[in-house]
Amino acid sequence: MPSTTGSEVLTQGAGYGVVLGIGFVFAIIMMGLSTLQNRYTTYKIATSEEFNTASRSVKPGLIASGIVSAWTWAATLLQSSTVTYEYGLCAGYYYAAGATIQIFIMAILAVRIKMIAPYCHTFLEIVHARYGNGAHFMFATFGLVVNLIVSSMLLLGGSAVVNAFTGMNIYAANFLIPLGVCIYVILGGLRATFLCDYSHTLILMILILYFFFWTYTKADLIGGFEGMYNLLQQASIERPVSGNQDGSYLTLKSNYGLTFMIIQITGGFGTVMLDQGYWQRAIASEAKTAVRAYLMGGIAWFAVPLTFSSIMGLAAVALANNPSFPYPGGLTVAEIDAGLAAPAGVVTLLGSGGAAAMLILLFMAVTSAASSEMIATSSILTFDLYQIHFKPDASPESLMRVSHIMVAVWAVVMSCTASLWNGIGISLNWLFLFSGTLFTGAVGPVIFSVVWRQQTKEAAICGALGGVVVGVIAWLAVAKTHYGELTIATTGQMYPNLAGNLGACCSGAIISAVITLIKPDNEFDWSATKRINPRARAMDRKQAALRASASGSETPVEKEKQEDVAVDTSSANDDISIDVPAEDYAKLQKSLKVATWAALTMTFVVVFLIPIPMFLSHYVFSLSFFKGWIIVCVLWLIVAACITSVLPLWESRLAMKDIFLGVIRDVFGGVVRTGARSRTDV
C-alpha cells in the first residue's frame, strides 16, 4: 500500500463524517422521496416491477443523468487524471473516447431490447429464453464477475483517496462507504436510485466547474492558461514522456496514450455490455425516448473525464516540482497506481478546502455508481437465479424480499473483495487495465444474442469461453516474452493488457460468428423472448384499470399479485398477443435506424476523425490551440450539466407541481386522493 501521509490534510473525523454522514443523509432523502412517490404518484415501490425497473417509465433526461452517474466511477476521475499525469493532455481525451462509444452502442441495443423483449428485467432473461439453463448460468456468472470487479474498483479508488486525505483506515472505508448506499437503495429501488444519481451528478458538475475556474483563473501557482502552458512545457523538458512527440505533454501523438485508448475501448465494452446496470436503464426508459437518452448520456459523460483530467491531471504535472506538492519529487509508481495524481493536484492548489471538496466529489462518484451496481446485481440474483432456477412461481412479496436481501448481501461482498485487493497488493491501475481480459470474450456473444436471431447456443458458449482462454493466454505470453517474468508488475504493464483485452474481445466475437455461420439457427423468431415476464405484460394491458383503482384499499403488492393470477397463460403462446403493436414497432424500427447511424457517426468522430489526424501529424499544441482546447472542454461540460441537471427538472415539472400541490393540500387540510395522479414524467 502506498504511503499517503504527504496529502493528509484532513482529520480522520472528517473522513468518517463524510463516509457515514453523507451516506445517511441520502438515505433520509430517499425515505422522503419514497414517501412522496407512494402517496402522490401511481408508482409504488412496494411492487417488484417498480423496484427493479421503475415501471419502464423514466424520462430521457433522468436516464441520461443516471448514465453519467453510473459511468462516473472513482476510476473515471482518478484514472483519467493518472494517465494524464503519465502521458499528457492526450490521455484524458483517449480515456473519454475509449469509454464513450459503448454508451453510443447501447443506444442501439436499448431499442432492440424494446423490440424483442419489452417486459424483461435483465439481459440474461433473453439469454435464458434463447439458449436454456446452461448458457444462462454461464452468462450470469460473467455478469456477476463484471459487477464484482466494477464494485470493488469503486471502493478501491474511493478508499484510497479517503485514506490519503484523512488517514482513515482503508479497510474501514471499504466497509463503511457502501453502508448508506445500501440503505437508500433498499428504501427506494431503481427510481430512487435515479433521483440520487441526479443529485450526485449535479454536485459532480458544480465541483468540476469550481475546480476549473479556480485553476485557470484564480490559482497563483498556475498563472492562468499561459502559466499552465509554460509549466507543461517545462515539465516536458524536465520529465519527457516516452513515446510522445518531443516528450511533450501537449500532443495527441502518444504511443502509450493510443494503446491505452484501445485497452479502454475493449475493456469498456465488457464493463458496459455485461453490466446489468446499463441494460437496466434501457429497460427502465420509455421506448420512444431510449435512443435519445443514451445518446445524450454518452455526449454528457464524455465531458467529465475530458475536462476533469485537463484540470487536475495537468495541474499535478505542472506542479510536481513545486514545494507545495504533497509528494516531493513527484508521484512514485505505487502512488500513480493508487490513482493519487488528482488528489495531489487538488491539495497543492486548494489545500484542506480543496481536499474536502475532492473527498465529497469522489464520494459522490463512488456511491452513485455503487448504487447502480447494487440494484443491477440484485436484479440478476433475484430474477436470473432465484426466480428462474429456484422458484419460478415466486410471489411478488418474495421477489421484493429477495431483492432487498441481495442488495445487502452485495454490499458485504463488494467490501470484502475490495479489502482482498488491498491485502494482496492489487492496485486500481492494475485491476483497471487487466479486468477486460477476464470477461470481454462474452461481449460479442451477448450482443449477437440481442441482434442476430441465427446465433446458436453452441456459438454463444464457445465464443464466450474461447475469448477468455485466448485473452488470458495472450496476456501472459506477452508479459513473459516482453518482460522475461510473470509478476504483478509485469502483468500490469500496457502491452500485456493490450494483448489480453484485444485477444479476448475479438476472439469471442469471431468464434461465435464462425460457429453460427457454419450451422445457423434458422428457426428462432424472437417469440420466446417476447413471452418473458407475462405478469408485467398483463399489468401493462390493464394499466388504465389499475390507475383508476389506485386509491382503493388494496396495497400495490396485492394488486400485483392479483394481476399475476389473472394472467391468461394461453395468451403467452399467442404470437399476436405478444407482438409489439404495428404502429409502435414501426417507430422502434425508425429509432433503430437513427440510433445506428448516430452511434456510428459519433464513434467515427471521437475515435478517428479528431485524434488520428492529430496523432499522425505529430502536432504539439501551441498556446492559442491549448487555450481553445481547454475552453472547448469546459463549454462541453456546461452542455453536459444542462443535459443532466436542467433537462430532468424540465421534464418532471408537471409531476413536481402535482406533488407540491398534494403536499400543500395535505398540510392545510385539503383532501388528496393517494395515487389519483397519473403523471408518467416522474
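Positions of Cβ are set from backbone N, Cα and C atoms, glycine also.
The feature region 'Disordered' is assigned by TrEMBL to 547-566.
Same-chain neighbours of the transmembrane segment (14-36): 45, 162-163, 165-168, 173, 176-177, 179-181, 183-184, 187-189, 192, 195-196, 199, 356, 359-360, 363, 367, 659, 663, counting only residues six or more beyond its ends whose CB sits under 8 Å from a CB of the stretch. What TrEMBL lists as transmembrane segment is 14-36 (among others).
Residues or ranges marked as transmembrane segment in TrEMBL: 57-74 (among others).
As annotated by TrEMBL, transmembrane segment applies to 94-113 (among others).
According to TrEMBL, the transmembrane segment annotation covers 134-156 (among others). For the transmembrane segment (134-156), the residues of the chain that approach it from at least six positions outside its boundaries are 73-75, 122-124, 127-128, 173-174, 177-178, 270-271, 274-277, 365-366, 369-370, 373-374, 376-377, 380-381, 384-385, 388-389, 410, 413-415, 417-418, 420-422, 427-428, 431-432, 435, 438-439, 442, 445-446, 457, 460-461, 464-465, judged by C-beta separation under 8 angstroms.
According to TrEMBL, the feature transmembrane segment maps to 168-187 (among others).
If you look up TrEMBL, you'll see 194-216 (among others) marked as transmembrane segment. Outside the transmembrane segment (194-216) by six or more residues, the chain places 26, 29-30, 33, 54, 58, 62-63, 65-66, 68-70, 72, 184, 188, 222, 224-225, 228, 284, 304, 307-308, 311-312, 315, 346, 349-350, 354, 357, 360-361, 364-365, 367-368, 371-372, 630, 634, 637-638, 640-641, 644-645, 648 with a CB less than 8 A from a CB of the stretch.
According to TrEMBL, the feature transmembrane segment maps to 294-320 (among others).
TrEMBL lists 340-366 (among others) with the feature transmembrane segment.
The transmembrane segment annotation in TrEMBL covers 430-452 (among others).
If you look up TrEMBL, you'll see 459-478 (among others) marked as transmembrane segment.
Here TrEMBL flags 594-616 (among others) as transmembrane segment.
Taken from TrEMBL, the feature transmembrane segment applies to 628-650 (among others). Remote same-chain partners of the transmembrane segment (628-650), defined as residues 6 or more beyond its termini with a Cβ less than 8 Å from a stretch Cβ, comprise 59-62, 64-65, 68, 89, 198, 201-202, 205, 208-209, 212, 216, 225, 296-297, 299-304, 306-307, 310, 621, 656.
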Exercise. Look over the recorded stretches 94-113, 168-187, 294-320, 459-478 and say which has the most C-beta pairs under 8 A to the transmembrane segment (594-616).
Key: 94-113
Quiz item: Where among 94-113, 168-187, 294-320, 430-452, 459-478 do we find the most Cβ pairs under 8 Å to the transmembrane segment (57-74)?
Solution: 294-320
Self-check item: Per Cβ pairs under 8 Å, the stretch of 294-320, 340-366, 459-478 packing most closely against the transmembrane segment (94-113)
Solution: 294-320
